[in-house]
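Report on the structure given below.
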Amino acid sequence: MSDFAFFALEALIKCIIIIAIFASLAGLATYAERKVLAYFQRRIGPDMVGPFGLIQLVADMIKLFTKEDIIPSNSQKFIFAIAPLISAICAFVSLAAIPMLPEFTLFGRVIQPIVADINVALLFVIGTSGLCFYAVFLGGLASNNKWSILGAARGLVAIISYESVGALALIAIVMLVGSFSLVDINNYQSDGFFSWLIFKQPLAFVLFIIALFIETNRTPLCLTENDAEIVAGYGTEYSGLRWGMFFIGEYASMIAGAILVTLLFLGGFNGFWIIPGWIMMIVKSSFIFFWYFWARAAFPQLRPDQVMKMCYLILIPLAVVNLLITALAVLL
């Protein structure tokens, strides 16, 4: 087999594996979230369908796929129809440049668990994952429903504001490492526990986590939907499989965000002591992913004015100060 044919086959297999694994993980994440929230609320959670309620996932999938797909008569039908697809596609495309695990050898060839190892991977991931919100915005506007439009507008204001917070936090990381490559950022932290960037950039870590909650529409910083204020927000008019596509895209973005935090701040897939790198990657990413559930269970939903004041009066000034301190440290 020629090198090009092997490369093409390898890339195709990687794409199929990523889509299959992360679509499945999105379903498992819903089960995990329900169990975690039940524990916080002193309930049991799903436990009737299958052992430990695991088959509840299949039941939910059947229910979702067999629901009637309704398109409102006064909506912008084409945009309304494709918006959920944009959400899922952008979420999966952003995973293409994220290195998942350490490289390994298969059939005498070195395999890198990444679809495209590009030297501007960080820009690519942030850019494509940011496009996911266009699906939310377009879906809300195309629905021609006042709650959907309000949810889309609130989310647009938040995402524009908090993208600045996340970008300023990441610039500090790039200044230290000197590269936009996620592989280079991972390798920068390969000298042991205290080489992790969370110790050199603790403020950037906090700022990026907060921006990530806005990016993934998670409580307590989610402005696109609120049962007490705007019902389901942008998704009020969606049902069936189209709603499921939004759902899969959101959870895939959450998983990608957890992996990205691990790569940027927590040592990536570098091994620790006798623990292999791939185990460390899974454990650390799972821990970050758990924070989504913990925050939803522990904190109340913030009002839009509180979210925006926190951004412009606290977070952006802190991000700028952190950037200036990092620049001085690099120069000196």
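Quick reminder: no glycine exception, Cβ is built from N, Cα and C everywhere.
Taken verbatim from Swiss-Prot:
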TRANSMEM  4-24  transmembrane segment
TRANSMEM  44-64  transmembrane segment
TRANSMEM  78-98  transmembrane segment
TRANSMEM  120-140  transmembrane segment
TRANSMEM  165-185  transmembrane segment
TRANSMEM  194-214  transmembrane segment
TRANSMEM  255-275  transmembrane segment
TRANSMEM  279-299  transmembrane segment
TRANSMEM  312-332  transmembrane segment
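Take the transmembrane segment (255-275) and the stretches 78-98, 120-140, 165-185, 194-214, 312-332: counting Cβ pairs under 8 Å, 194-214 has the most. Same-chain residues lying 6 or more positions outside the transmembrane segment (120-140) and placing a CB less than 8 Å from one of its CB atoms are 79-80, 83-87, 90-91, 93-94, 96-98, 148-149, 151-153, 155-156, 159, 163, 166-167, 170, 174, 180-183, 185, 215, 217, 224, 233-235, 238, 246, 249-250, 253, 256-257, 260. Sequence-remote contacts of a segment are chain residues at least 6 beyond its ends whose Cβ falls under 8 Å from one of its Cβ atoms, and for the transmembrane segment (279-299) they are 29, 32-33, 36-37, 40-41, 100-101, 209, 213, 216, 218-220, 254-255, 257-259, 261-262, 266-272. When Cβ distances are compared across the two stretches, the transmembrane segment (165-185) makes no contact with the transmembrane segment (4-24), since fewer than 3 pairs at least 6 residues apart fall below 8 angstroms.
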